[in-house]
Amino acid sequence: MGKGFYISKPVGIVSIILCAGALATIIALSVVYSEEKAKNNNQVSPTDGGTTSKPPVTTLAPSNEPWDKYRLPKNLVPDHYNLTLWPRLTPDLTTGLYIFTGESTVEFETTEETDLILIHSSKLNYTILENGHLARLTSVNSGVRVPLIKVSWLQSVTQYLVLQLDGKLMTGHRYHLYTKFTGELADDLGGFYRSEYMEDGVKKVVATTQMQPTDARKAFPCFDEPAMKAIFYITLIHDPIEIMKIKNIPVTIDNQHVQKTVFEPTEKMSTYLLAFIVSDFDFINNTIDGVWIRIFARKPAIAAGQGEYALNKTGPILKFFEKYYNSSYPLPKSDQIALPDFNAGAMENWGLITYRETALLYDKEFSSNSNKQRIATIIAHELAHMWFGNLVTLRWWNDLWLNEGFASYVEYLGAHEAEPDWNVKDLIVLGDVHRVFAVDALASSHPLSSKEEDIQKPAQISELFDAISYSKGASVLRMLSDFLTEEVFTMGLRTYLSEFAFGNAVYTDLWKHLQMAVDANGTELPDTVHNIMNTWVLQMGFPVVTIDTKTGVVSQKHFLLDPDSEVTAPSPFNYEWIVPIKWMKTGAVQSPYWLRGKSATNDAMKALGTEWVLANLNVVGYYRVNYDEENWGRLLNGLSTNHQLIPVINRAQLVDDAFNLARAKIISTVLALNTTKYLDKEREYMPWESALNNLDFFYLMFDRSEVYGPMQDYLRKQVTPLFNYYKTLTENWSKVPDGHMDQYNQVNAISLACRTGLEECQNLAKTWFKQWMDTNNNQIHPNLRSTVYCNAIAASGANEWEFAWSQFKNATIATEADKLRSALACTKQPWLLNRYLEYTLDPKMIRKQDATSTIVYIANNVIGQSLAWDFVRARWSYIFTQYGGGSFSFSNLINGVTKRFSTEFELQQLKQFKEDNAEVGFGSGTLAVDQSIERTTANIKWIAENKQNVLNWFRDETNT
Ligand code: BES
Ligand code: ZN
């Protein structure tokens, strides 16, 4: 810790600096930097402006050298880092580039003697030190001979700084490794990067970080693996400021007057959880039980009160998790910051959580109830990680599913605490279970758990951030918590957290602790937690459980959306699961049943007369259910006569199961369509939403065919009562329904009514939008804006589009901008859509963080579909290189633009696309290409087999 520097009081576990005033910094290093940048284009770059200690090594031929392996050797263990970074918030005058400079000393211990040091480093340029090398090595222990560096170089493929020594580092001894380096503060959303925004006509620059999963090495040389926990002493250099209570130390470096802020040391933590930010933001704060909570954002956003909702909810959610984990929040402060440019939704850096603006900022004038729910759940998700993930970290990325799956489950518990009236916990069924059923039913799916040795390269790690890890992880953990009971689940969780605090674990450690809780509690289970959960974690997919109510036979089978698809992946359990079944008979809950093996008989499940059996109550189980035809008939009858007898989540489930079983040819498509017949009486959100999600598939398959007309007629007929219901409830659209779910379903009513051409609805949308254009006063309720904007823009031309575009550019809250950005994709004018596609690759028009989602919006539009596909395949290599730092985006992009594919011709194009770009690659979208091919193949067959039936069914239903 530098003497004389003030240590910031609020303890910079992770660090934040507010930087006000002029940002003029001209730096002398820029020339060296530009030379080095040119060199870095080589695969392996010698460093320092031309003088190098080792000729470039070609890494094209695979070798078995330690520096060609992606995993660090285990012989050096970091203890702490002393890191000083200086981001320049104005571009270098000669190169025009934004850069940062840094110095770092890492103290590490040798656990096994070695003459080689490997430390991660990516896209950094090093100063050659007085010893002629890229680093200086000294000993912490006196009297120990420090080996000399023989050669040092950067191994860019595996992202290492490599130092070969002339002698051994001794076991048990500690050393200091010092480096001085420069990096680009690029707008690439990864590592130490730059975000920009306009304020009062002035461009402002923020220096911020996104380390997860493997970009800490882009900010400073580090042992960048989650198990290499260390303490970080961070100092930031920035322009002089006089705000915040922090007293900063003025210093002069290279004739520049700057300040240093020295943060208190972090806890022992992983590199991927670090964050530091220099910005000209404002904040609001409060303190809860000694924890200092702050919300940071652009000054006008804070002034407008947009951080208040997050501030009000953070305290209660934090308190909830302290109780849930039985562990107090490990840090003295909790900062959360909304960034104008941010790739993911939010990131759980320990003590400084970063968000995209839409995920943190709320304004009741602009934000919908859906925006509000996203904020509450995303805050809960990231706060959940403060313990699960940050305090206890999984040892390697192959267990990412447990980290993200867990947070994705308990985010609903945390959000429920913040908003107890919402029934938000039910929504995991739509948001996660249904979402992931769609991908986990493909033969190209994969198990939750991967082997450690199969996950090596950064791209393989990024690929793990998918729906399986998040949503299947959340679904199976919810099932586990349910069959253990929340009491036993939290008991095991608590001892797990306390055993591994500040350390690392593997997923079986959690099973071990849950088993201890099961044993202590005397819970009865058909097998150990380990054995039950292995069937859900180690094999891909999920079962369809079939209940024959005539015989009481219960059986299971791997559910495949395309029954003809070939499952080549072997399963250690032969695609059988240990299945917990909660069920009811004619409205009365029965005692739970466990299914093991292919099939078994449960006499209680026999049904007589008008009795019906309904299994998977509240969809806590991760499986689908099928019944004998008679029971289906009685369930359908129950739906149309007294649907309230069936719990609302299961009404949503009956629809979703039926549609998917039909796609898998297990039941008829007619039976599936029949589940929608009762909807004219349904007023609840979840069944409607489930039906709409399934009918979306029908839209995708048929909106270019003759089925479209009759389908529209049927759906208009079904939705009209719902539309009228809301018209009355809201007193002619002048009020907002009270309930959260009712507010959602009002949006469904309007969007389906407008989509199916209900004139009254379309007129409403057009009139409201026109009023806004005429008066420049937007009276449309935030809940309804997305759908109203979309329908109005779809029904009109360039004037309306241009108006919406200018509103988008001038929006003062990102939430409003996002609603407009998606609505702009609704136009039916091909030239507007093509121009909009061009905008997506121009960061001045559309921020990089929003590029892929905008392309997908355009592809969702039946007119935009082929335009978007042509655009993506023509520019693939450009998109891939420009936006390669992303995490979720490529899989979303590929799945998004190919969703409608259902012809041989489209399948050929897709295969060609795969072949043409084999060299460039698909990064985190690799799996998505195969999923798209599988989906297209299934769609082609489905249309051939179903089109006529579906057409007839819609015709029959509308003629009667
Ligand atoms: N750790 C992730 C953020 C992340 C994702 C970093 C991918 C790097 C690559 C964070 O905890 C997260 O899961 N965020 C989600 C939000 C959540 C509510 C599902 C996100 O960003 O969408
Ligand atoms: Zn997460």
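Placed from the backbone N, Cα and C atoms, the Cβ positions cover glycine too.
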Site-mate of His381, His385 for Zn(2+) in TrEMBL, selected among Glu357, Glu404: Glu404
Measure from the Cβ of Glu404 (Zn(2+) binding site) and count the other Cβ atoms within 10 Å, all protein chains considered. 23
To test your reading of the Zn(2+) site: which residues beyond His381, His385, Glu404, same chain only, put their Cβ within 8 Å of the Cβ centroid of those residues? Glu348, Glu382, Ala384, Phe388, Gly389, Asn403, Phe406, Ala407, Ser408, Glu411
Close recorded positions near Tyr470 (site 'Transition state stabilizer'), where close means Cα within 10 Å, chosen from His381, Glu382, His385, Glu404: Glu404
Cβ-Cβ under 8 Å from Glu382 (active site, proton acceptor), same chain, 6 or more residues apart: which ones? Gln336, Ala346, Met347, Glu348, Ile353, Tyr355, Ala407
Mean of the pLDDT scores, which run from 0 to 100, over the domain 'ERAP1-like C-terminal' (612-936): 95
